[in-house]
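Chemist: After the structure tokens below, expect a handful of questions from me.
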Amino acid sequence: MLPYATAAEAEAALGRAMTAAESLWFRYSAGIPDYVLFWHNILFLFVVFTLAPLPVALLELRAPAAVGPFKLQPKVRLSREEFFRCYRDVMRLFFLVIGPLQLVSYPTVKMVGIHTGLPLPSLGEMAAQLLVYFLVEDYLNYWIHRLLHGEWGYEKIHRVHHEFTAPIGFAAPYAHWAEVLILGIPSFVGPALAPGHMITFWLWIVLRQMEAIETHSGFDFPFNLTKYIPFYGGAEYHDYHHYVGRQSQSNFASVFTYCDYLYGTDKGYRYHKAYQAKMKALGQTEGEKADSNGLSYAKLD
């Protein structure tokens, strides 16, 4: 809740006139408690989990021939019932774990210094903070994800997420409840190290989940803008990890690829890409053995 009763008081405190964005923020948030503003994340996550995967899912279900050339595992076709079951299970997880976690997290958010006041951050400041959040979360997520591929972590927790060997967007948050709690920690570390405005935090949560949904989409569209982000993994990169499954010691990265490269956990993927290029050059001769999903992984690592 902003400590100003009127716009004039806010401008007096700022020592200048509010920008259009600040005026809009003042009108919306002045009378809303900070914890309620933070709880907006619950609504944002619900909308993202429900709507962001929907366009690709509808294309896959209603126009499979049109999007078939871009599907990473073309022989895997999920039914409408399987899509709905995934969404239903994600919503159960959302209402029992993710939503309640947001409700009780506000004291931590307040403690680290995420604020709702004026002035609003500049676009440059927001971009810099978001970059920090992505880099920090990606690094920590890499190591936690790698640990979850140990025997105990996989069998007890992470195997749930890998039930979808050919991932779909709705399956991005599909996981064991313990994994949701564990992997939620890296998402808060970046904002704790570089605390910013609540709007930046909202944007971070939304962008991170949309990135995860894109990565799990199961499609590699040539027009995707993420292809222009340096070191970005994307759907094709992460699809390999899901296909190989438990035995995979490759492609642990959640967003960028630098950790896999630095720590040598992309060797299987690079071998696979080299093998694909070789087979393509040979015209996909009989030496290539494709699996039932339409893929040809010569080496699983």
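Placement of Cβ uses the backbone N, Cα and C atoms for every residue, glycine included.
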Chemist: From the ranges 61-81, 187-207, 250-270, grab the one Swiss-Prot calls transmembrane segment.
Modeler: 187-207
Chemist: Please give the sequence-distant neighbours of the transmembrane segment (36-56): residues at least 6 beyond its ends with Cβ less than 8 Å from one of its Cβ atoms.
Modeler: 29, 67, 87, 90-91, 94, 98-99, 102-103, 105-106, 109, 114, 116, 168-170, 172-173, 198, 201-202, 205-206, 209-210, 213, 217-219
Chemist: For the domain 'Fatty acid hydroxylase' (131-265), jot down how many residues DSSP puts in helix, in strand and in coil.
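Modeler: Secondary-structure composition of the domain 'Fatty acid hydroxylase' (131-265): 91 helix, 4 strand, 40 coil.
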